[in-house]
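What Swiss-Prot lists as transmembrane segment is 9-29, 75-95, 106-126, 142-162, 177-197, 228-248, 259-279, 300-320.
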């Protein structure tokens with residue numbers, strides 16, 4: 001019994017720790033990319049080429065005294081950052097890298113439901129702070145996240161229609177002859193832009209305007225709890241880019257040795273994440289009405305039409321005689 005518990009704990013840790021290490025170094029990559037795009041050097045003091053900067057930042061944040069507003073809800077104020085990071089790590093469970101921790105039959109639905117639950121951590125953190133600025137920021141963030149989840153769900157449904165299964169492992173078999181990005185490129189473009197909005201990245205970073213005096217829902221957070229929110233945000237960025245690679249650029253595990261699969265997937269994830277950083281360095285922030293107009297007036301009708309199109313394709317092909 002004890003051995004079984006130890007094995008399960010080791011498996012969970014071996015899954016979570018590499019994600020957290022990757023997240024830590026993604027922050028360094030972001031700072032380096034932004035600095036070079038602004039013609040400056042970026043972090044280069046702590047360690048060789050600044051490689052130990054994420055470690056120094058983490059140590060500094062976690063040894064600081066966590067300041068809590070006197071009027072806040074104490075339990076919920078501390079619980080929400082923990083919940084945010086827990087959900088950000090848990091959502092990786094069904095991803096085939098090339099083997100998933102748990103091969104779920106409804107893996108894509110699990111991803112959708114877990115990403116929807118992440119909204120509660122934002123809402124509760126804004127409410128628990130007992131600050132009107134934090135609450136307004138949280139409500140704005142929740143509205144943005146829920147809105148763009150509609151598009152993501154419809155795009156996922158279209159991909160499911162083409163792959164014929166809710167499991168993520170099937171996508172490797174589906175994309176063996178051709179990547180789905182070639183046959184569904186309008187969906188892939190809208191998916192990528194929607195993931196930018198879903199993860200609250202520039203130019204959709206209305207949730208957490210770092211250049212503003214009041215940054216958003218996490219304005220009252222400092223030290224350790226703030227670091228947990230930060231880790232959760234970057235873990236979600238890594239997750240969304242890994243999911244994009246699996247959905248539209250999946251290297252087929254049937255033709256590759258299992259050792260090469262994670263390397264190729266990680267390379268594609270890094271390139272997609274670099275796109276996120278490039279966009280942040282290049283584009284100004286959207287106005288809130290433009291953000292909502294883009295989704296409800298542009299993306300939603302397009303994704304609904306394409307979903308109907310992709311639903312009709314398998315039915316149409318099933319009616320074609322085999323000799324044609």
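Each Cβ is built from the backbone N, Cα and C atoms, and glycine gets one as well.
Keep in mind it's a predicted model, so treat the numbers as computed, not measured.
Same-chain residues lying 6 or more positions outside the transmembrane segment (106-126) and placing a CB less than 8 Å from one of its CB atoms are 76-77, 79-81, 83-84, 87-88, 90-91, 93-95, 100, 134-139, 141-142, 145-146, 149, 152-153, 156, 160, 166-169, 198, 207, 217-218, 221, 229, 232, 236, 243.
Cβ atoms under 8 Å from those of the transmembrane segment (228-248) belong to residues 19-20, 22-23, 26-27, 81-82, 84-85, 87-89, 91-92, 95-97, 111, 115, 118, 121, 125, 156, 159, 168, 171, 179-181, 184, 188, 191-192, 195, 198-201, 208, 218, 221, 265, 268-269, 272-273, 276 of the same chain, restricted to positions at least 6 beyond its ends. Take the transmembrane segment (259-279) and the stretches 75-95, 142-162, 177-197, 300-320: counting Cβ pairs under 8 Å, 177-197 has the most.
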